[in-house]
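Enquirer: Below you will find the structure I want to go over with you.
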Amino acid sequence: MFEKLSCHTSIKIGGRVKYLVLPNDVFSLERAINVLGDVPFQMMGLGTNLLVQDDDLDIAVVKTERLNQIEIKGEKVLVESGTPLKRLCLFLMEAELGGLEFAYGIPGSVGGAIYMNAGAYGGEIGEFVEAVEVLRDGKRTWLSKNEIFFGYRDSTFKREKSIITRVMMSFKREKKEVIKAKMDDYIKRRLEKQPLDLPSAGSVFKRPREDFYVGKAIESLGLKGYRIGGAQISEKHAGFIVNAGNATFDDVMKLIEFVRKKVKEKYGVELETEVEIWWNGRRW
């Protein structure tokens, strides 16, 4: 039975896969990966920073959305990889553990956030990681923070064949009302500046350097609202490409390349995509 990935990505684009695997816990995830054996597969969290080809993919997809348990251990928190970031932020607020407020409103799972070292407003999730449990060569093992590289929208996990299963994170005590005030401020800013009313895959491009703001650069080129097919540069924030109506993978890819070309011509800067791209069953 085929499953449409367009039903599982926030931008509402994606072809069909023959197998969609939804493990209920870490143990069933481990079993599923071992059962798949030589069958090619890709891991998916909540599909929020992902662009998938329209054609059918001859792979299995393992989605971690049911791995969403959180366990508190003093000022440390053990989180399963499929846990939505929003849920973790609300849990931390109730537990009066501060630091991750900047992530409130970032869509996606904890595993996906660790994979790309998600961040916003000067904070990055990698700052709070104590250890990560991964599934490697069919077995689960823990990596300490000293064994993990985190960079700007980058991590060890983009370079090696391992699957994030659980994360141990460390936070500091903070009053609930202080945490809530920060979270309210961040979500207000997101609502004001980001196109949360339309399907998208989030911020499309990485910032090439600290003083170069991609959205402002694209806006300066007069490209807000520019459209190819159903894919459109957001009129609210030029760093986002939205699905304005029946957009295809090809529409979005053409728009990405068009923007990269124009920015290169004007500013001499090569933009790299932040959004993950699946094409021919591979990550790009």
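Numbering starts at 1 and runs along the chain as displayed.
Cβ coordinates are placed from backbone N, Cα and C, and glycine is handled just like the others.
Sharing the features that Swiss-Prot gives for it:
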- Arg153: active site (ACT_SITE)
- Ser203: active site, proton donor (ACT_SITE)
- Glu274: active site (ACT_SITE)
- 12-174: domain 'FAD-binding PCMH-type' (DOMAIN)
Enquirer: Taking the Cβ of the residue listed as 'active site, proton donor' as reference, which residues of that chain separated by at least 6 in sequence fall under 8 Å from it?
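Expert: The residue listed as 'active site, proton donor' has long-range Cβ partners Val214, Gly239, Phe240, Glu274, Val275.
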Enquirer: Might you list, by sequence position, any residue in that chain lying six or more from Arg153 (active site) with a Cβ less than 8 Å away from its Cβ?
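Expert: Expected: Met116, Asn117, Ala118, Gly119, Lys206, Glu274.
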Enquirer: Which state, by DSSP, holds Glu274 (active site): helix, strand or coil?
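Expert: Going by the DSSP assignment, Glu274 (active site) belongs to neither helix nor strand, so it counts as coil.
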Enquirer: Counting across all protein chains shown, how many other Cβ atoms sit within 10 Å of the Cβ of Glu274 (active site)?
Expert: 19
